[in-house]
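Heads up: the structure comes next, in structure tokens.
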Amino acid sequence: MARIGDGGDLLKCSFCGKSQKQVKKLIAGPGVYICDECIDLCNEIIEEELAETSEVRWEELPKPREIYEFLEGYVVGQEPAKKALSVAVYNHYKRVQAGENGGGAGREDAIELAKSNILLLGPTGSGKTLLAQTLARMLNVPFAIADATALTEAGYVGEDVENILLKLIQAADYDVKKAETGIIYIDEIDKVARKSENPSITRDVSGEGVQQALLKILEGTTASVPPQGGRKHPHQEFIQIDTTNVLFIVGGAFSGLEKIIESRAGAKGIGFGATIRSKLEIQASDQFQEVMPEDLVKFGMIPEFIGRLPVLTSVHNLDREALLQILIEPRNALVKQYQRLFELDGVELDFEREALEAIADQAILRQTGARGLRAIMEEVLQSVMYEVPSRKDVARVVITPDVVRNNVNPTLVPREPRTIGKNDGGRHEKSA
């Protein structure tokens, strides 16, 4: 087998047949041997296969209209934001594909396509995170969410900005090539606004310092990421990741920005013939629809940071009708989710229309938007979710408006009496 000669003292590789004298190293296994050359060849084959599978490729990149229609299935309302995101995401990945295919590289007149990161403004619970998650799901690219409030400038207590990239690498199962075409959503970016419009003399490590630290990775750079997260130290190995093709979607509530927009817009409404808009008219429209980069600078974002987020779009507060749609219309609507949970116990769950309206009203009162709907549903259904799995006599649960408004018990509809057929002598008996 692997031994040559009568003495049995000369061994050979079980794969290529070379003797131990012809190779540098021969490694023994249970009844087999492999040489260093075959190991190198195996590594090369595996690396080539991984390189082929790690690149995110589409047979055909979805067009903006197709992206918009996919978002429609999961996100209610917010049409302007969905259109802006559809176009921005399409252009971004078209640029990525052009780069992979050469894209005119080497030509003197070659045009370098710049990256278009996105700034998404809007109140909490209006669908910012869901929009980003749904985009990543459609495109089948790695996706990571980061909270800007946890970040600090390098060298201070808190998370380095490179830890955001580590989350993306982890989402890609440590496949760096795949991570380099992913999407990162940074939430609560308004919380790292500097304290005043003018540059700070003292060190603002969790505000302006974070914005400064994010500039390079937003624009596109090769970053060194510690594999285990945490702080960098000189004796550890780093993962190198190029952020040139990573799409950054940055979101925040920007509470108070509407006053800055209003004061700027109000200043233009002075003089004869000027268009005067009441506060009600401004509130009726999207409060961030008229935002300008200078408004964001006044809010506390540094100009360099805003410059790296060229696509500005916003989502608005959800009204009662939109919240009702969220409860029942999307593919993964909350009502459908809870109906499925009850169905697994063999029980139907029904909501009266007025009960759903009462749930929407509660979310508006709490000012939690769509995010608060699940919490309200949990409160409404908690007692019945505790009781029903232990009972075999309940066929249907009906949620009435009083259940939501006055905390009364839901209506439990018993199962129909079970009939025993002719073969059993025509007897009838009721289920327990």
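Note: Cβ is positioned from N, Cα and C throughout, glycine not excepted.
According to Swiss-Prot, the features are:
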{"type": "DOMAIN", "residues": "1-54", "note": "domain 'ClpX-type ZB'"}
{"type": "BINDING", "residues": "Cys13, Cys16, Cys35, Cys38", "note": "Zn(2+) binding site"}
{"type": "BINDING", "residues": "Pro123, Thr124, Gly125, Ser126, Gly127, Lys128, Thr129, Leu130", "note": "ATP binding site"}
{"type": "REGION", "residues": "411-432", "note": "region 'Disordered'"}
{"type": "COMPBIAS", "residues": "415-432", "note": "compositional bias 'Basic and acidic residues'"}
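Features as recorded by Swiss-Prot, highlighted on the structure.
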residue : record              : DSSP (3 states)
Cys13   : Zn(2+) binding site : coil
Cys35   : Zn(2+) binding site : strand
Gly125  : ATP binding site    : coil
Leu130  : ATP binding site    : helix
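Residue pair Lys128 (ATP binding site) / Cys13 (Zn(2+) binding site) shows a Cα separation of 59 Å.
Looking just at the domain 'ClpX-type ZB' (1-54), the mean pLDDT is 78. Around the Cβ of Leu130 (ATP binding site), the number of neighbouring Cβ atoms within 10 Å comes to 21. In this structure, the binding-site residues Cys13, Cys16, Cys35, Cys38 were compared by how many other Cβ atoms lie within 10 Å of their Cβ, and the smallest count belongs to Cys16.
Non-local contacts of Gly125 (ATP binding site) by the CB criterion (under 8 A, 6+ apart in sequence, same chain) comprise Leu318, Ala363, Thr368, Gly369, Ala370, Arg371, Gly372. Ranking the binding-site residues Pro123, Thr124, Ser126, Gly127 by Cα distance from Cys16 (Zn(2+) binding site) puts Gly127 first. Note: the Cα of Gly127 (ATP binding site) and the Cα of Cys35 (Zn(2+) binding site) are spaced 57 Å from each other. Sequence-distant contacts (6 or more apart, same chain, Cβ under 8 Å) of Thr124 (ATP binding site) comprise Ala253, Thr368, Gly369, Arg371. With respect to their backbone Cα atoms, Thr129 (ATP binding site) and Cys35 (Zn(2+) binding site) stand 52 Å from each other. In the structure as shown, the Cβ atom of Thr129 (ATP binding site) sits within 10 Å of 17 other Cβ atoms. Distance between Cα atoms for Cys38 (Zn(2+) binding site) and Leu130 (ATP binding site): 48 Å, as a whole number. Look at the binding-site residues Pro123, Ser126, Gly127, Lys128 and count other Cβ atoms within 10 Å of each Cβ; Pro123 has the fewest.
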